[in-house]
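Annotated features in Swiss-Prot:
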REGION    1-34  region 'Disordered'
REGION    1-646  region 'Phosphatidylglycerol lysyltransferase'
TRANSMEM  56-76  transmembrane segment
TRANSMEM  92-112  transmembrane segment
TRANSMEM  119-139  transmembrane segment
TRANSMEM  155-175  transmembrane segment
TRANSMEM  190-210  transmembrane segment
TRANSMEM  247-267  transmembrane segment
REGION    647-1138  region 'Lysine--tRNA ligase'
DNA_BIND  698-772  DNA-binding region
BINDING   Asp1048, Glu1055  Mg(2+) 1 binding site
BINDING   Glu1055  Mg(2+) 2 binding site
Amino acid sequence: MALDTPSSDLPVSTDDTAEHQPTPAHRPPSAADRRSVDLLEKIRRPRGFGAGAPKIAGTVVGVLAGIALLSSIFPLFRRLIHYPRDFIDNYIVSLPNTSLAWAFVLALVAIALSSRKRIAWWIATIYLVLFMVSNALLLVDPVATDFGVDTDERIQIWIGLGIDAAALIFLIVTYRQFYTRVRRGALFRALGVLIVGLTAATLVGWGLVWAWPGSLERTERLPYAFNRVVTFGSIDSRTFDGHHTHIVIDSALGLLGALALIAAATVLFRSQRLESLMTSDDEKLIRALITRFNDDDSLAYFSTRRDKAVVFSPDGRAAITYRVEIGVGLAGGDPIGDPESWPDAIAEFLTLCDRYGWHPAAMGSSARGAAAYDAAGFGSLSIGDEAILHTREYTISGPAMKAVRQAVTRTRRAGVTVRIRRHGEVPDDEMPQVIARADAWRDTDEERGFAMALSRLGDRADDDCLLVEAVEHAGTPEEKVIGMLSFVPWGRRGVSLDVMRRDRGSVNGVVETMVTELCRNSEQFGITEISLNFATFRAFFEQGPQIGAGPIMRLGYSVLMFGSRFFQMESLYKSNAKYLPDWQPRFLCFEDNRILPRVGLAAIVTEGFVQLPRFGRKQHYIAGQSSIPAGVDADALIAQLESEEDRTAVEVHRPEQVRVRVAKLDRLIEEGFDPYPPADAPTHTIAEAIAEPEGTQVTIAGRVTKMRDFGKVTFADVHDWSGQIQMLVEASRVIPGTPDFGSDVDLGDLVEARGVIGRSRSGELSVLIDAWRFNGKCLRPLPDKWSGLTDPEARVRQRYVDLAINPRSRELLATRSVVVKALRDFLADRGFMEVETPILQQIHGGANATPFQTHINAYNLDLYLRIAPELYLKRLCVGGVEKVFEIGRNFRNEGVDFSHNPEFTSLEAYAAHSDYLKMLDLTREMIQHAATAAHGEPVIIRVDDEGNEQRVDISGDWPVRTVHEVVSEGAGVEITSDTEVSELRGICDRLEIAYRPDWDAGQIVLELYEHLGEDRTTVPTFYTDFPTSTSPLTRAHRSKPGVAERWDLVAWGVELGTAYTELTDPVEQRKRLTAQSILAADGDPEAMELDEDFLTALEYAMPPTGGLGVGVDRVVMLITGQSIRESLAFPMVKPTDA
């Protein structure tokens, strides 16, 4: 039973001291990272004298705002606090008994003070000074006399002045803690709204006071309304001789003033946001950054959303787009642009947050982006997963996709088709209809989304976006669009879902059909990946209802299920999960756990789940001033980014020697020479030229492998496949207009030259050149000619270089060609027909081996690369082809060593009216024939321990031994086909040979054979009569029970081939393959699957047949004495970056 721990219940959670979830490749922290950490720490825990002053000031003013609000709303509360409130109102700070406007003002100031706004400090300081001056005047005659200030009131005024003075001193000494600014806004416009609003409210209030004057005189009514609406009741009541209206009217007057203030504040805040939004220049640069750097970011395009602000790194190569809600600067997704500049962009974002007193956060970051924020000191929380579909792997077949398959089938039967277009292909007169449908089908008043929504359907700047529509009765007068999906570009090969809508009255399954059709037609649009919706807290929905889920997981699941009644979180998860997507985690990054609730609320607001008052604010706009850093030329930077992208596609890092050769190449082209001309066939190979008498004119072509430049004359060794010869190039003999051979030719260059056969002064046979040209300029230097490629790994990886400089490698390649041709000719001369059978197969069979798997998109079908052609060749035998063979490639997903390669060449041959003994003679003679073709006699090459090559004669008959005979000899006891499993296990234990407990006697004998027979074999030897259980395609021995008519050919520990008397009994074959398929179903990757088509063919009767299979690569190894790496032109090698 699993223990429930927080780590197993929670998707991801961190605090300030815990390790964060994303773990990027560790790199030293950059200066920008250190700066970000310092800034974040400053935002979290302000330093310096009076660091807590803003919070204290904000709290005090906030308490006063709460008292003012409660006093304005609840009469009982107003009566309970009458005396202390009256003292505060008269002697410390204005606190009228009813004024919603003043409560609103105090609340704004409290929030601004706690956010360290300097303007709030000025407001509070100036207000205190003015309030103190007005109260101090009451201590001075004749004002004191006019207002009837007595001794008791003087004492209270002095007490109030003392409290205000202390507060003023507190604000002055903590001035530096109030350093944050406010964003630029339309101050005069907001002031105009305030003046108009307060004037209108005063006039309305005057009317109310006139209608219900209470004890007010006619001349007092307008000033009284002004006092309550505009000055929030700050004018001393004694001004009106204690006269007042009804308390309800007072509350109404305060409410009117509050409404005017709210309207003005809304205009100011709205203008602040508008002034900070990205401009068209910002968007242009962001698009260039996305194109250059964010190919792998599925949310990058949403950074062009125009109701976001943007901050760039100082070099302009990275940016963060964000929005401010409830004092949280919320970035959307990962930073945009060059990852090398991400730390600088994050530092600039934190600087901005620090300047304006925002709490920084980022929503929807990928693991890579969260790692960048992690390096800057942020915490992170996994908030869900993004659903990614890989179009080449997407299929609606299989039990897991039943629901989607049924939905698609239902929709197609209803006559629904799918239309897919780029937005740029939608006519201008049709796009408004698309937008209208999207608005009509939206189930909320406002468009939701922030990190994964663009919120501007139909903008011509987004012509690359993809529109998928479900259409009923397409092409008829009744044509009707009933569903739509809109996707934004995701790099070059993907799209991300932006809009999903459908007509609620349409048939169910419209969305599933659109998604499926997009995947099916993805290749037409160059799409390989589709990003669908975001599933919030997927781990809870996936694991919460499961048996064994812990209490925290279950509690979280219950809470989210309750929330899903309002926000459709569970339905969104299920709508994604049914496509079996690849889930990519997304993170919420934040400064501090203590601020997490506020960040969460800001995220909910930005996503549109909670609507704050907007007062007619438009949805789409670009305003404000550009955020591109001073000193950055945006047009020049965009041009640079575009050129970088072009260079990235073609340029690679080149060593110095290569750069020198490339420079020489450029110079030759500028001088009019073609280093890569069309073909002009030479008249002679080098071998033919060597055979010609002196004085013969020849034209040869080859690669320069050695040069000796003596100024006026240059000697160069040139070779082609046939041989090598010296070229003598004398400047005086070469026709004019030819490049300078000594300075322009490098080792490795391909040249073609004309001259006569002659000799140098030292007597060496040479071609005396009178004209030459380049056939190909070699841009990389060749290894040393004498030592060549000394690293065996390099010889394999750069086989082309090895062949160019190593005659032995060319000889081995030629020998392989001779051997393969000899094998083919040997069988053809004996009446065998060569055929070709499929390499892509639906069933893997013909041998016990692990196959490679692939997929065909056209049929949406999983396929295997063949492990053997046997079953198809046997079909031909059923069809009457009496002698047949194939030389071709097979593929087995197994190990790589000196004798194994995942892809290899095999020869399989079948002869009717034959058996395994006849195939034994045929195989021996065939290999002897191939050895004779390679070496002129039936010998093979063996390399001894000292590296010396020895020729071994393989003529005549080869040893033939039974498997049980060699196993008995090696074990020291007699082993037969009747030996019990327990006895065989005892022998293995004694010899320390490992075996599996579920093996039968035949499999244990086979394991003993591999250790005691095969591994110890030297000269070519046939081992016959294998246990029947290990040979499912082989006929049982005609006279020996328990064994099959099969042999293996082994030489020096390597199996070269095998042959059977083929099993032609369809009933017995079905039993054996059924047993193999059961093993495959139980998880044995090497067991054969049941090939029903082959069994059906066998039921048509196949003549008695002998079959053989020989590894061509291993025969080449045997004949040449080399490993499989040297025997193959291009063996499989591990990638250099693996």
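Each Cβ is built from the backbone N, Cα and C atoms, and glycine gets one as well.
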#### Entry: For the DNA-binding region (698-772), residues assigned helix / strand / coil by DSSP
4 helix, 44 strand, 27 coil
### Query
Going along the chain, which residues at least six beyond the ends of the transmembrane segment (155-175) come within the CB cut-off of under 8 Å?
49-50, 53-54, 57, 87, 90-93, 121, 124-125, 128-129, 131-132, 135-136, 138-139, 149
## Note on the structure
In the three-state DSSP scheme, Glu1055 (Mg(2+) 1 binding site) belongs to strand
### Message
Applying a 10 Å Cβ distance cut-off over all chains shown, what neighbour count does Glu1055 (Mg(2+) 1 binding site) have?
### Response
16
## Note on the structure
On average, residues of the region 'Lysine--tRNA ligase' (647-1138) score a pLDDT of 90
